Amino acid sequence: MEQVSMEATNPNPSSMSGVAAASAAELLCCANARALLDSVDAFLFDCDGVIWKGDKLIDGVPQTLDMLRSKGKKLVFVTNNSTKSRIQYANKFQSLGLSVNQDEIFSSSFAAAMYLKVNQFPPHKKVYVIGGEGIVQELQLAGFTALGGPEDAEKRAQWKSNCLFEHDKYVGAVVVGLDPDINYYKLQYATLCIRENPGCLFIATNRDSVGHMTDLQEWPGAGCMVAAVCGSTEQEPIVVGKPSTFMMDFLLQKFNVSTSRMCMVGDRLDTDILFGQNAGCKTLLVLSGVTTQSTLDDPSNSIKPDYYTNKVSDILSLLGE
Amino acid sequence: MATKAAVSVSVAASITAASSSSSKFVINTPHRFLCLKRLSSFSSFSASALAIKCTSISNCSPNKSARSMEGFTTRTRASAQPLENASELIASVETFIFDCDGVIWKGDKLIDGVPETLDMLRSKGKRLVFVTNNSTKSRKQYGKKFETLGLNVNEEEIFASSFAAAAYLKSINFPKDKKVYVIGEDGILKELELAGFQYLGGPEDGGKKIELKPGFLMEHDKDVGAVVVGFDRYFNYYKVQYGTLCIRENPGCLFIATNRDAVTHLTDAQEWAGQYLISGGGSMVGAICGSTQREPLVVGKPSTFMMDYLANKFGILKSQICMVGDRLDTDILFGQNGGCKTLLVLSGVTSLSMLQSPSNSIQPDFYTNKISDFLSIKAATL
């Protein structure tokens, strides 16, 4: 069976542009599924829209993961959803009956903390968080002082005469992620830190526009909160989540697998698939999340995964296992 | 008078009236509402560059780590000249458009010499118009503010971006059986009501909470045909989702922004006289761009919608207008986009060093300290 050439024309991992694949995405079938399995040592899975939708597992996922493990494949979970820490994700997996270790999980909350660590963020400086508990926990685990987060959900700006909106001058970084408790107070706090604290970093966990925060519909993602802060600071953030390949470095440290022997499985073209392509992995798009067949096929879409299929469990059924 | 190179792209802002059928409202060339803005925020451009690309207002594409640049180009303008012959400028125009904050008042305080200057201009038969991006008040409420400050200004002479949103919907014959979802404050609601449109949202939705639980489905009104987004201190996830659902799922739903000012000074005689920076409408608008991956139609400065509206309403030629403001990327760009003369005053957010900085590429025709400089024959020494 003819195999589609999967060499990236631009293997530069720091490139943010999509790689124009030589041919259209291939529908996963028996033959190419077997070939894919044989050519890959590790599968990287996105979570929302791939493994679960909100708090509901997608059909056939546990059996598929078991099969892959039984064949000696390493499984890694790379999620842009920053609302949980790795430990909290491990708990979620467990509550859904999946046995996944926190070392196998790379969340954008973890990525944000690691970014500050590898860039030697000074311990006396603080981090203001627009986002959930996940970011706050990862920052604390890494030894940093976090302000904001869920704590600021009920705060309101005081619009009184001669009442200044105060902000901590020691904030050296603002981390913005998905925040269903977004409010004006947080936007204003973050804006002042970025605009007025010299050298303050503006870090985004990710920029996904929408996601399946619940099983029944899509909800605004971190891309919304990040764009809000861009709108008032006129600055662009450092993005640590997909499609940035920042997290790949940590994966490579942990797993002794070359990226060409990895397959990224995701439901979003502009994060999951682009991440895989940027890093030189094979890519498989599943249609169980935010992307439909028509979006994939639309002429305006320039991101073509190597393969596509309806859902993760197709791997299992196509292999006839 | 300083000569200036012609703007090589004309952002023609004539509003083409939509088909008169009430069942559809078509926007022609929505790109005309994209602002040529924020040239000054890019430090890699110097004023002497021959071709300066304007930024697109897209700051919401997740693939790009820097803003994308679209194909608008403006040729370099000569540097702004200090205003030395006020009489000549006054004689050469028929209408003065004033921004308010930083030009007429600062907080709840009138800037020195403003009443006398406005009186002088009126006595010379000049038409005066006031255009502000602030959408929190209706024009009527602004009229009261002018009155409180002792200025003789008619409500009909005031154009806030709240009014602009309603006027825009009127100009395209937005159907009365459709609704408008508002992410913004009272001023927008009042203007929509005055224009006879049904609205949902506004400050009242500020108290609504979301619980992201399994089986929870947020419903939205299928009759919403436009979402208007502006400065909103009661901003929350409920509103973002509601607006996002309307824009993504209601066919033909418009996404309208009153303005995209990044930061602003809250200036309200009754509420707060603070002068420091607070996050502006650009933040809320950015949020909706982020979740919908769509760009809005901007009705406030620097979009020329208001300029065209005025020119049409008062029957004036744009070359007969002088725009007076304190912000380069809204007021001055607004004037330039509209083909007017432009005068920057240094009584607001822009300093002389900001104007003259190599990273600034927006050059007004003239600059001066404050508008009362009109009263002297020569400009005051700067």
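Glycine too: its Cβ is placed from the backbone N, Cα and C atoms.
Some features that TrEMBL has for this protein:
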ACT_SITE  A:D46  active site, nucleophile
ACT_SITE  A:D48  active site, proton donor
BINDING   A:D46, A:D48, A:D267  Mg(2+) binding site
BINDING   A:K242  substrate binding site
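Annotation: A:D46 carries the greatest number of neighbouring Cβ atoms among the active-site residues A:D46, A:D48 [cut-off 10 Å, Cβ to Cβ]. According to its DSSP assignment, the residue listed as 'active site, proton donor' is in a strand. Within 10 Å of A:D267 (Mg(2+) binding site), as judged by C-alpha distances, the recorded positions found are A:D46, A:D48; the full candidate list was A:D46, A:D48, A:K242.
Secondary structure from DSSP puts A:D267 (Mg(2+) binding site) in coil. The Mg(2+) site, placed at the center of the C-beta atoms of A:D46, A:D48, A:D267, has further neighbours from the same chain whose C-beta lies within 8 angstroms: A:C47, A:G49, A:V50, A:I51, A:T79, A:G211, A:H212, A:G266, A:R268, A:D272, A:V286, A:G289, A:V290. Within the same chain, residues at least 6 positions away in sequence whose Cβ sits under 8 Å from that of the residue listed as 'substrate binding site' are A:D46, A:V78, A:N80, A:S108, A:N206, A:G266, A:R268, A:T271, A:D272, A:L274, A:F275.
Under the three-state DSSP scheme, A:K242 (substrate binding site) falls in the coil class.
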